[in-house]
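Scroll down for the structure; my scribbles are underneath it.
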């Protein structure tokens, strides 16, 4: 009985050590920096890296010999790098505030499904064109997940990709707005300032640009000259 009790106490103490290690902050730097804010920032880093991973997959797809849209590939390669830079900026910010960043694996299929679930959820107003949502994302993973996707032979690839990118940016923007709301609730003025001036402003610009790309590509899709319009659009991005 005594041995069992001692073992149990040891197990509890070990668990506590792990908890403390997971929340280890730099006390001489940390000021008015809540633990839940640190956790939310780490989750946001994960979302930024997930977006980067998706965009890298799209860049690879458009560089394929049977797709061959180098301008679109270049755009998504740059978008992937930009999302990684956002993640690095948040990592630097956590360290500056005396926080602690821990990382989990990034699964491309799970990342695609995360955006897909947002698209089909009640909070999204992007539910139209569901049959072509995240189809490319599903194609570049090891297992497709959108059963409504048509055969690749009829895909309007650039349009589909930029519709997906618009959805991804709106999803990331929603998460940033939720983070900003929590920063306000915690009266964390510095984080609110950083989010407004270094992240949300850029998200609004990205959403506006992508929405215009989608509008242009949809105008091509309405007639019989989509492939020609897509080619000219790709040359513009190049």
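Cβ coordinates are placed from backbone N, Cα and C, and glycine is handled just like the others.
Around residue 48 (Fe cation binding site), taking its Cβ as the centre, 24 other Cβ atoms fall within 10 Å, counting all chains. Look at TrEMBL and you will find 48, 83, 86, 169, 203 tagged as Fe cation binding site.
Residues annotated as domain 'Ferritin-like diiron' in TrEMBL: 31-221. Mean model confidence of the domain 'Ferritin-like diiron' (31-221) amounts to 90 (pLDDT, 0 to 100 scale).
Residues or ranges marked as signal peptide by TrEMBL: 1-22.
Its own atom aside, the Cβ of residue 83 (Fe cation binding site) has 23 Cβ atoms within 10 angstroms in the protein chains shown.
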